[in-house]
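Just below is one structure, and these are the notes that go with it.
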């Protein structure tokens with residue numbers, strides 16, 4: 001890698017991008033960037049233009065105007081010889097996400113962008129585009145690292161690792177929030193303890209919290225149960241864990257596991273929200289509109305406070321730290337989506353898992369994961385089977401495979417209702433899911 | 001084994017018993033019975049008395065009055081030196097079953113006696129009694145074979161095989177009905193083909209239908225899809241299988257798998273029934289009352305036609321054939337619940353599975369099962385984990401284990417609703433579940 | 001299958017053939033044969049002619065001259081529309097076997113036709129021919145069953161099942177001898193007990209001896225240890241089992257397992273024999289010469305007594321019983337080489353194992369095998385890996401794969417000596433191993 | 001842990017100890033030692049006295065006389081409140097090692113202290129003592145870390161982790177030598193690349209050599225094959241690897257794997273040495289005598305050059321780096337023996353493996369190991385089974401288990417010769433193996 005890194009952001013018209021820019025500015029001393037390419041599709045032209053302007057102002061304010069900023073609707077020049085590619089696009093935009101939520105709720109199921117019926121729909125829209133980008137990367141920047149934030153991050157990463165040669169790492173802010181929340185509970189620096197997580201994207205458990213020669217996991221659980229649970233991202237509802245369950249688990253479930261352990265409560269809240277302030281997608285859409293109003297302000301030259309409510313906090317931190325760890329062979333421990341390859345026993349070698357890994361210049365080397373308790377393992381295996389079949393359905397457009405995938409998902413209701421919901425999902429998304437035609 | 005077999009029936013006050021008696025009469029030439037002991041508890045005293053009288057009339061009519069018939073409310077003399085013990089009791093009687101159904105429905109879940117929340121409750125009521133009986137058998141008739149029909153048959157058999165030394169075989173009429181339905185479709189005798197099933201009780205798939213040198217499985221599927229599905233027992237609702245799913249499965253799911261593949265449709269029908277003619281338990285209760293009216297008729301000396309609607313058809317056939325196969329070392333292929341011991345890959349050795357087995361004088365020797373497709377395997381593994389945790393909860397009375405069991409069950413809703421439903425289940429059954437006190 | 005079965009014997013010039021003919025004559029009532037094709041290669045022309053004459057005399061003596069006997073050096077007409085094909089050829093004839101023995105002994109290793117370096121050489125000579133025959137069968141008699149006796153039977157069967165569509169079953173007399181020896185010990189008919197064996201060809205253990213409602217395995221062990229061991233074939237040396245080992249094993253090892261459990265003793269005996277009466281191959285060669293002198297006698301019209309010393313006793317019984325079981329859907333329990341497919345846990349699904357199976361018109365359905373003790377499982381896994389790599393080497397001619405295979409075999413010495421022995425083996429057999437050129 | 005660390009060395013009379021002292025002196029800035037306890041048994045009183053004097057001179061020369069040095073023949077005060085315990089004793093002294101070598105060679109087997117028959121004997125002598133020490137540690141210093149160098153290090157560590165609560169880590173210089181040899185080949189610093197090894201003690205393979213963003217494993221192999229193989233410890237014979245084997249392996253076998261891949265060559269060399277300069281044990285014994293002559297010199301106050309020929313080079317480095325990594329939570333990657341716990345797929349969770357691990361204040365966290373090629377896995381599984389059965393035999397004194405262990409070892413010959421060799425081993429060591437009485 002050269003000293004003038006070329007970093008390309010796909011889906012740069014996202015409201016998150018200023019956070020990423022801020023992170024790159026902070027790490028300027030260890031990540032010597034030469035070019036920054038902001039790419040989006042035509043529908044995002046206005047948004048990416050606004051982001052581009054804001055980026056230039058932010059760089060200027062920090063005396064980094066030597067970095068050239070390119071805004072482009074054409075992916076190819078942006079990918080050519082890139083060192084790092086950050087993928088954060090949303091196939092079908094927020095409209096797609098909202099449609100997923102509404103269809104699921106209509107059929108009495110949880111509507112969410114990474115799991116259940118909504119996660120399935122999102123994967124089927126997204127994976128064909130992700131693979132197209134990767135095929136371009138194989139040709140234009142075969143040595144580049146792809147950092148995938150595009151949701152559903154685990155399934156998208158699995159599709160890429162199974163079907164292309166791109167060096168991809170999937171990222172998520174959920175384990176970053178866990179790391180920060182645990183630091184708060186322990187009253188320690190994030191670097192002072194080793195948090196080991198394992199599972200699938202949005203489906204992980206903390207397995208160890210090694211601090212000062214001891215495993216402090218149970219102390220963290222106690223703190224969480226005594227009303228202080230800072231491990232929950234802003235974009236998912238706050239709920240109490242069933243206390244006996246949590247106390248006896250010997251692991252810390254990530255906040256998204258509430259979808260599985262307390263699904264009926266989530267369902268009720270979603271239905272309330274949907275008939276009140278709107279679904280999460282609808283709320284985010286309104287928030288985005290407000291954020292872009294702020295971004296347009298020519299006086300603004302830093303990330304605005306309002307972005308923090310957006311939900312994706314620390315995405316940037318994960319991305320910048322990963323780029324730096326690879327570039328500098330830092331061997332720090334990060335929580336990433338990567339090929340299983342024997343890390344979690346009881347899952348196929350070629351599937352993708354989310355596990356704490358040592359990050360080297362050659363990419364992630366996962367830490368070994370102690371065998372899961374058998375009931376938790378069964379849950380993980382079922383979810384992974386759902387994910388792998390969904391990837392297969394997204395690639396092949398085979399409806400039978402799609403149906404088999406959905407039957408396995410605990411958030412999906414089976415029967416004639418599912419047949420209808422699946423067909424409606426496909427028809428409503430047909431422009432983005434040509435594979436099902 | 002001697003030539004004067006002593007056969008003991010626990011829960012003989014069941015309305016099914018006349019079918020069993022009929023079966024024993026038919027097999028008189030190969031199963032030389034000396035004594036027949038009909039056992040029940042005080043609450044069933046009147047019913048078992050009626051059954052006893054009917055039994056004597058049936059034997060007399062067939063010139064078999066040399067068989068001594070004993071009606072007893074005391075298990076010990078009945079078990080002493082027994083050769084075969086048939087267990088068909090229902091812990092908490094039909095009232096318990098109905099309560100299970102109503103509690104589940106109240107919380108928006110499927111209410112059924114062998115799966116979901118109802119299956120859990122039934123297991124927790126039944127297993128302590130089953131283990132008590134087995135401890136008596138260890139002492140009074142250590143060489144006897146126990147034929148367990150008591151539901152939930154798979155979990156009860158697992159509890160017995162894990163916690164006692166009794167030689168137990170679990171039986172169910174579901175695979176018998178499949179065998180007969182397939183015979184009808186093929187236009188063949190039941191002995192003319194080898195049906196191999198595998199899975200868990202009420203959760204099996206036919207894996208092979210070997211007939212005349214070919215595997216006719218897909219022919220059977222075609223017939224089932226063309227409107228002729230004789231594989232459904234009378235006591236579960238008729239539904240269409242999603243045709244694409246069934247056609248591509250490469251296996252034949254048993255009728256009870258509708259609870260998993262089409263759970264919403266079952267749910268709707270159960271709710272309709274519950275607010276109409278009553279739950280299945282309520283329907284059965286009314287049917288039982290009518291049956292006992294008929295049984296009391298001193299002119300009746302054979303199994304009445306009305307029994308066939310009761311739902312348990314062919315139970316008797318399974319029981320009598322199993323006793324004869326063991327007694328005569330017949331090596332016939334039967335479908336039984338037995339210790340896994342390597343038969344189904346991916347399940348623990350010590351759990352109980354329902355598999356086609358060669359029946360010898362030493363008991364069942366299972367046929368080897370080809371690996372399941374991975375999505376089906378995941379379902380089986382999750383269900384078995386639910387079952388094994390339920391057995392553990394039933395034995396220990398540990399609420400946390402109970403909760404972990406139920407979370408895994410696809411027919412159970414998670415969240416605060418589950419905590420309430422579990423607590424109500426325990427409180428409503430406290431007389432039968434002292435382990436949870 | 002028609003009523004005029006066509007049976008084809010490949011390698012019919014073998015001295016064993018009269019035994020097979022005798023078996024077919026005995027089973028005439030259940031196996032209605034129309035044509036018998038005796039096939040061999042040019043080098044065996046004289047021998048197969050002699051066998052053909054003897055066959056005709058044997059049939060005539062039994063009033064079965066309606067069966068047409070064809071002697072042919074051309075495989076194709078012989079295979080055309082065959083119902084059963086018995087493969088018993090020896091690639092490279094006895095000269096090949098003797099060469100294997102002598103090369104192995106020269107390098108200080110055990111020299112034997114089915115294991116160690118000799119087994120490897122034999123597999124590499126034989127498998128290409130076996131696959132050629134199977135490709136002809138795919139075309140000329142796709143519905144025929146192939147009964148493979150050709151050694152090394154396990155590896156040859158694995159090659160066929162992995163690389164062709166032929167319905168092949170591998171047979172061996174070792175388990176037949178165990179069955180008969182155990183019958184002798186128990187004083188019982190062979191049909192009176194269920195013997196279950198499992199493992200690989202020439203590498204099996206009896207796991208159960210179910211007789212009269214009990215497992216008599218330990219009784220058989222006691223009898224073997226008290227000096228009466230009728231389980232040893234005539235063609236392998238008699239040795240005492242280390243008694244403590246055998247007594248505590250909980251299984252009965254087949255006689256060939258002496259090669260692994262007492263290899264040094266076997267080695268010594270082989271070296272003595274090699275410098276005395278000759279290697280086993282040399283002894284057999286002399287015996288064959290004498291047998292063919294007898295077979296030529298125009299007065300001879302039955303299997304001569306002398307054949308019994310030859311070592312392959314009961315081969316015929318296995319073959320004829322298998323053909324009859326398939327033809328008549330007898331569902332008898334036989335011990336055959338077939339696709340593992342989940343039968344023995346810890347081995348790949350697609351490898352071939354030797355296991356007790358129920359024989360139907362659709363072929364073998366293996367009995368489920370209880371998990372092996374872990375030390376025995378490790379031995380089986382290593383041997384199977386040797387076998388599978390040997391099959392791969394035999395098919396591809398890859399020397400590196402050959403070397404990796406041999407390194408795993410406990411009867412093979414590693415180091416520069418092995419590199420020399422492997423090269424000498426290949427060079428000495430180059431006419432039969434063109435794949436290594 | 002306090003700032004005045006107490007370090008206890010068991011078997012301090014070893015000639016290696018000066019190297020360890022040198023290492024502690026070098027790391028003085030990061031490992032603040034207060035007390036150093038040198039412990040040995042009566043037979044080693046003179047040697048440990050000499051080492052104690054030398055230690056004091058070495059500390060004095062480096063201005064570290066504030067560290068108190070205690071020489072003790074009583075373990076208890078030495079263990080009381082220790083922070084780190086280094087175990088490097090040799091049960092039965094070099095005489096025991098020599099006896100092992102000579103008995104093995106007498107029966108035609110490789111004689112070596114960590115594998116084959118000699119490794120078995122060594123384990124059976126050593127494990128009872130190691131467990132005794134650990135029981136004292138459980139009481140006197142329950143929080144201390146045990147660094148085990150005592151051979152056979154893998155089996156001794158497994159015995160400790162299975163049978164005691166001591167926090168033990170097994171160490172070996174073999175992977176350290178690999179790390180240094182690879183650094184030499186790459187022309188890189190040891191910290192500049194990540195070497196990942198996996199397997200069992202003296203039975204490991206390098207799986208990755210991550211350097212500068214690439215896996216340089218094949219480059220290292222090429223260098224090794226072109227005549228430059230710096231990965232071989234001084235105490236095992238130099239041999240050429242079979243080049244085709246090494247080139248196609250995709251892994252780098254450790255030097256000790258020559259015992260398995262080229263056993264006959266090793267055997268020949270051992271026999272030559274045994275009838276020439278003596279066995280390795282005899283050579284070492286003479287060397288030790290010379291070293292102690294040097295150590296006695298009151299002028300000597302540093303590790304003498306001659307120690308380097310002794311064979312255990314870098315032991316000290318491994319020990320000191322491990323203590324420092326734990327004490328300082330350094331998270332460096334080291335290659336240690338620890339509980340498998342899912343790290344290597346296909347081995348039991350509770351066995352001990354040698355794997356590259358991140359060292360934290362809470363001990364080692366292994367890196368995940370990619371699945372091994374199946375032939376290599378089979379070798380590892382067989383060796384581990386040998387080791388685990390040996391541990392069981394060492395703990396229980398069960399001869400049948402001992403025999404079953406040895407049968408599995410590829411370096412052991414089976415048959416009556418083995419029964420004799422085992423009995424002679426037990427009788428010759430009876431003072432050290434009371435469990436076999």
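Quick reminder: no glycine exception, Cβ is built from N, Cα and C everywhere.
Keep in mind that what you see is a predicted model, and the values were worked out from it rather than measured.
Annotated features, as they stand in TrEMBL:
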BINDING   A:97, A:151  substrate binding site
BINDING   A:172, A:202  Mn(2+) binding site
DOMAIN    A:197-412  domain 'Glycosyl hydrolase family 4 C-terminal'
SITE      A:113  site 'Increases basicity of active site Tyr'
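All features noted in TrEMBL, drawn onto the structure.
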residue : record                                       : CB count, 10 Å
A:97    : substrate binding site                       : 26
A:113   : site 'Increases basicity of active site Tyr' : 24
A:151   : substrate binding site                       : 23
A:172   : Mn(2+) binding site                          : 29
A:202   : Mn(2+) binding site                          : 25
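Over the domain 'Glycosyl hydrolase family 4 C-terminal' (A:197-412) the predicted model carries a mean pLDDT of 94. For residue A:172 (Mn(2+) binding site), the recorded positions whose C-alpha atoms fall inside a 10 Å radius of its own C-alpha are A:151, out of A:97, A:113, A:151. For the pair residue A:202 (Mn(2+) binding site) and residue A:151 (substrate binding site), the C-alpha distance works out to 10 angstrom.
Checking the recorded positions A:97, A:113, A:172 against chain B with a Cβ-Cβ cut-off under 8 Å leaves nothing. Residue A:151 (substrate binding site) sits 7 Å from residue A:113 (site 'Increases basicity of active site Tyr'), taking the CA atoms of both as reference points. In the three-state DSSP scheme, residue A:97 (substrate binding site) is classed as helix. The two recorded residues residue A:97 (substrate binding site) and residue A:113 (site 'Increases basicity of active site Tyr') have their Cα atoms spaced 6 Å from each other.
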